[in-house]
Structure formats: structure tokens, C-alpha cells
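Reading through the C-alpha cells given below for one structure.
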């Protein structure tokens, strides 16, 4: 199969024009977080190398780490078989989670109980 | 913080009653796929240890691998800071992707081109 130019419009977005993006740490393989992008955020992420989401609460671009400094440098940009989910492999500066934890998935369910895997800093 | 009983109803679901679930391979750390669960699928996944999604196309429970044999045995069930995304760490039997590839994220965008990272089997 010959390679082809990528067009963000070829991805499948939901009714709000958004696609989920999973961020994975390039070094540790840790799943850091999941957030949303629109087509412009996809284009900006690819153009700048700084992972840029669409904030649903603020209805604005969200350059990850722009205020906190906890930026995500894009290492690889992947999309899935249905073209309706993204995987961004990143170099994460500082913690990924707004709670200050390394990643957002710090709670588990084990034996029916909620267990906190990483305490708040 | 004392541990507490987990209730699937405490998660945040979208307007369709669904929450995204990222599946990660317990051994390799590979992000395998993303699919959706409703509260009942969450409960079934935890009760059975067989990762069970909700198929949006079929509007039915989707016990991963039930027909293909490519089951996902639950190793750990995690949820994120906003309680609106799940991470299921799994032992994956066979390929995770319906295309027969190991995972669904087999295409990347590099230098503006779509690159296939794993050929169809």
C-alpha cells in the first residue's frame, strides 16, 4: 500500500465534531489521559508538535501544558482501524493529570473496592 | 483515604449512557483498542473478568472475543480523574483488532503521510 497525504477531515468525528485522543508516554508506555480533539486541534498538533486538545468545558483550544508547563511533545500520531480514535505517543513534561498525579488513571476497582494507586501530591 | 465499594452508577456517562474504555495489554503495555461500555457492561466486566463492551452498531453487549476467541481477560480496571474514561488492563488472546492486527492503532501520520505500521495478516 503506498503512503498517502494525511487529511484531518478523513477522520470520523462525533456529532460535536470531536474525536477521542489517548495520550501514552513514549518512554514508560503508561496511558496518561484521554481528551478530545477537533479537526483543527489535530492539524495544530501535527503542525506544532505540541499536543493540542479541544476543551469541551471552555470551548477553546487547549495546548496541553500551556499554563502548567506540563506539555506533551508529540512523538507519534496514530489513529485506529475505524478512524474514530487517536493515540498520541508523547514526551510528557511533569505530571499529566490536573490533580498533580503522573497520570489520570490513578483509581482502580479491586475486589469491588475503589483503590487509589497514587496519592495526591 | 479509606477504600469504598465501587458502584458503576458513579461513573460519568455521555448522553447515550456510554463511557469510553481504553484497553491496554498487561504484558507489553501496548494500547490495543478503544471501545464503549454502559453501566451494565462495566458491571459485567467486573463480575466476569471478561471485558465486555457495548456495541453501538449492534446495540448489544459485546463480550470481546466471544465469537473470534480473541478474548480480553481483565487484569486491572481503572478510571480517570473525571470518572469519564476507563482503562482496562488485559491479557489479550490473539489479535485485538478486527482486521487481524495486534492492535487497532496500526496507522501513523509521519511527515504528513499516512504510514501503515503493521500490514494486514
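Keep in mind that glycine also has a Cβ here, set from the backbone N, Cα and C atoms.
Annotated in TrEMBL:
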- B:80, B:82, B:84: Mg(2+) binding site (BINDING)
- B:81, B:97, B:104: Zn(2+) binding site (BINDING)
- B:33-106: domain 'Phosphoribosyl-AMP cyclohydrolase' (DOMAIN)
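Here the features listed in TrEMBL are placed on the structure.
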residue: B:80; record: Mg(2+) binding site; CB count, 10 Å: 25
residue: B:81; record: Zn(2+) binding site; CB count, 10 Å: 17
residue: B:82; record: Mg(2+) binding site; CB count, 10 Å: 14
residue: B:84; record: Mg(2+) binding site; CB count, 10 Å: 15
residue: B:97; record: Zn(2+) binding site; CB count, 10 Å: 21
residue: B:104; record: Zn(2+) binding site; CB count, 10 Å: 25
Express the distance between the Cα positions of residue B:104 (Zn(2+) binding site) and residue B:80 (Mg(2+) binding site) as a whole number of Å. 22
What is the pLDDT of the domain 'Phosphoribosyl-AMP cyclohydrolase' (B:33-106) when averaged and given as a whole number? 97
For the C-alpha pair, I'd like the distance in angstrom between residue B:80 (Mg(2+) binding site) and residue B:97 (Zn(2+) binding site), rounded off. 24
If you measure residue B:82 (Mg(2+) binding site) to residue B:97 (Zn(2+) binding site) at Cα, how many Å is it? 28
Its residues classified by DSSP, the domain 'Phosphoribosyl-AMP cyclohydrolase' (B:33-106) shows 10 helix, 29 strand, 35 coil
Any idea what the Cα distance is from residue B:84 (Mg(2+) binding site) over to residue B:97 (Zn(2+) binding site), rounded to a whole Å? 24
